[in-house]
Amino acid sequence: IEVAFLDCGADCAKFQKSKIEHRFTKHALERPYTSPHAWGPTYGAHKHHLEFSHQQYRELQQYANDIGIFFTASGMDEMAIEFLHEINVPFFKVASADTNNIPYLEKTFSTSNVKKTKTRPNLKNKYLVWNLSISHFLLQEFQKEFPDIPIGYSGHETGIHVSVAAVALGAKVLERHVTLDKTWKGSDHAASLEPAELAELVRAIRMVEMAMGSPIKQMLPCEASCHSKLGKSVVARKPLQKGEILTLDMLTVKVAEPHGVRPENIFKLVGKKITEDLEEDATITDAMIKG
């Protein structure tokens, strides 16, 4: 949690919560587990070894609150969802395996506070974050199908480039697994990001967010000095005498000082009277125009 927030700049630390006996059948838990990543002789022993208790989750949540990062978890079964409601996580993430699990989804949305939270203002609503595959076309299709719902991307790929692309295409929440060492025992470590990679991912996402800007075209602060130096204005194509009626062949557009009438307004000057003598290349301003 500390590395993700203080060292890398992530917004949220997300864990996975299971009530083992409610997630798996007795037969599944009793089967031998011989993987090199196993933490017990049976799959049940392995899963129990990895699972935090309710008290440990509360301690993790409190620590996250103390340092200022959001804390949540994927509820992997209905009992886990009940616990996450109890500790009032700010949002839920539904894994691919449960997107068609209707009783589970009903449990997720069963309490009165599921659509509201009193946490930081950039997370005003609790919502489901769709767990997408690498198909970014699917992300765009979900955006069309659910225009009022924030769509997220859960990545398990190697590296950060696909995740950055998802944000550029509109993903509002991004999930990646994080480890302190990819060589550690456990099947998820190899597909996880180490701290340096997570920090680079966060930096790249922040740059993409700034670059995406607004759908309204307007001059950015960083463009002002360049525009001041190289911005173009309407100027006199030839010497003009006071009282002349302007025609298009009297005008042209050049980089000029001082700035004057903007290039897109050149046609509005046609038919109007010039109120002072102008030399060739003189900037034409609104104050010089009559009529």
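Every residue, even glycine, has its Cβ placed from backbone N, Cα and C.
Because the structure is a prediction, the values reported are computed rather than measured.
Here's what TrEMBL has on this protein:
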type: DOMAIN; residues: 233-291; note: domain 'AFP-like'
Average model confidence [pLDDT] within the domain 'AFP-like' (233-291): 96
Helix-strand-coil residue split for the domain 'AFP-like' (233-291), DSSP-based: 13 helix, 17 strand, 29 coil
